[in-house]
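Structure, as C-alpha cells:
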Amino acid sequence: MSFFPKISFQYEVEEYLTKVFRNKELITALGPQEAENKYQSLLSHLSHPPGFTTVRVNTHLASVKHVKKLLFEEIQKQFKGLCVPVLEHPKLQDVLLIPVVGPRRDLKKHASEVIVGAQCGYAVLRGAHVYVPGIVSTSRFLKAGDLVSVYSDIEGKCKRGAKEFDGVKVFLGNGISELSRSEIFSSTGPLKGLGIRMIEPVYLSPSFDNVLPSYLFLQNLPSVVVSHILNPQPGEKILDMCAAPGGKTTHLATLMHDQGEVIAMDKIANKVKKIKQNAELLQLNCIKAFCYDGTRALSVEKREDKQEGPPFLPESFDRILLDAPCSGMGQRPNMAYSSTLKEVMSYQPLQRKLFTVAVELLKPGGVLVYSTCTITLSENEEQVAWALKTFPCLQLHPQEPHIGGEGMKGAGLSLDHLKLLQRFDPSALTLQGMDVNSLQDSREDDLISLANKDCIGFFIAKFIKSNSK
C-alpha cells in the first residue's frame, strides 16, 4: 500500500506518459487492464525510495569481506543495536546491500515543524540528515535541542523563512534541531552545517556522512551493473562520455585494476572537479577528467602527438560508456516531476548526437554501452531501434550480468532484441514496506531478488561494433 501519493507530473507530460504506457504493442501483449495496472504501480513506486541502500566497495583499496564487517559495525552503532543485515550480491561481487526499514507508520508527530525543500527531502528518505541549506521554514520559536517533525515541500511553494506552511507537505520523520531558528536564517555568511539530526525517519536507512569514504561509494544498483556490462580490461583505453559525478568512472577504473586509461568528460566545470575529487579519494590514478562537450569530442583534423584530451581521432577507444543525459524519470523517490514536455522531448536529439560521436570514436570490435535513468520509450528502446537502423556496423549483444527485465514493447523491436536489453522496472513488484520482524524472517535469496527489482527505473543496451565497414 502506498505511503506517499503517486508522483505528479505537469499535465502535458502526464498525457505523454499515458500514451507511452498504453501503446498498441503493449496493449496487444498485456491487455488494457494489465498495462494500466503496471503503469499505476510504476507511478506509486516512483514516489517511494528503493527498498535497499546499495553501496559499491572500492576493491582497489579493500576487500568486500573487510568492508562488510566495518559497515555492519557502523550500522549497529547508528541503529542502536537493531539487527539489519548487510548482504553481498551474488552476481555483483563488489556490491553490498542494506535493506531499508519502513515506512514506519507509528511515529508520533511533534508540534514544532521544519519544512525542507524537495531535493533535501528525497535525501532524507534515503538516509541523510538535514543540512541547513535544505531548510526552507521552521516553527516560530524553534530552539537548538528541540524535537521537531520534518516535512518536505514537494511542490516548492513554501516561502523561505516562513513561520508556518499550510501547503502540500509530506512527513519525513522526526529529528533534533542542532540550531535555533535565528541561527538557521542568519543573514551573516553562507548557510552550511548540520541543521536537523534525524532520529526517527519514516524510512530507516544508514547515514553515510563521512562513513568509510575511501572504501565505499553510494550508487544505485543498476548504475553498478552498467560498468560490469562494459567490462573494461586492464590496459584498455576507455571513454566515459558524460561522466559526472564519477561513480561509474571510478568503478571502471577499479574493474581495470587502475591499469590503462579512463577518459572522463563532462561539459560543466564543477562536475569535472567532482570527478577528480572522487578519483583522488578512491586513490585511482588512471582517470583523466576533462571539461568538454561530448557532442564535439570527435576530431576532424590531425591531433598534436602530445595532446591528451578531447577532441579525439576516430576509432580511439576500446570501450565507450554513454550514460546519457536524460529526463531522469526513473529516479526515486520523486513525488513531483517539474520538467515540461518540451524539456522531456529535448533529450532524444541530444542523445543521438552523443551516440553518433561515440560510434565514430569506438574501435572496430569495441563495446558501446548506452544507459539512462529514465522510463520513456523515446530515450530507451526507440534509441536502440534508431541506432540499429542508422549504424549497420552495430549489433546488439547479450548483457552479463542480466539482472533487470527485458526491454519494453512499443518501439517496433523484435522479441529477440528486447531480450538483449535490460530495463529495471520498479512496477514489477507489489509496493510493500519492510519491518524488522519481516526482515528477520526473510531468506537472503528472497531479499536479493527483491533488491534487484525494487531499485530506480533504468535502461541499458550493449552494442558491439563490427570489424567490417
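Glycine is no exception: its Cβ is also placed from the backbone N, Cα and C atoms.
Annotation comment: TrEMBL describes 141-466 as domain 'SAM-dependent MTase RsmB/NOP-type'.
Under the heading S-adenosyl-L-methionine binding site, TrEMBL lists Cys242, Ala243, Ala244, Pro245, Gly246, Gly247, Lys248, Asp266, Asp293, Asp323. Annotation for Ala244 (S-adenosyl-L-methionine binding site): same-chain Cβ neighbours under 8 Å, separated by at least 6 residues, are Asp266, Ile268, Lys271, Val272, Lys274, Ile275.
The active site, nucleophile annotation in TrEMBL covers Cys373. Cβ neighbours of Cys373 (active site, nucleophile) (same chain, under 8 Å, six or more residues apart in sequence): Asn220, Pro222, Ser223, Cys326, Gly328, Gly330, Gln331, Ile456, Gly457, Phe458, Phe459.
Sequence-distant neighbours of Cys242 (S-adenosyl-L-methionine binding site) (same chain, 6+ apart, CB under 8 A from its CB) are Met265, Asp266, Gly294, Leu322, Asp323, Ala324, Pro325, Leu354.
Residues Cys242, Ala243, Ala244, Pro245, Gly246, Gly247, Lys248, Asp266, Asp293, Asp323 are listed as the S-adenosyl-L-methionine binders, and the farthest two of them sit 19 Å apart at their Cα atoms.
Mean pLDDT for the domain 'SAM-dependent MTase RsmB/NOP-type' (141-466) in this predicted model: 95.
The C-beta environment of Gly246 (S-adenosyl-L-methionine binding site), restricted to residues of the same chain at least 6 apart in sequence and closer than 8 Å, consists of Ala264, Lys274, Ile275, Lys276, Asn278, Ala279, Ile287, Ala289.
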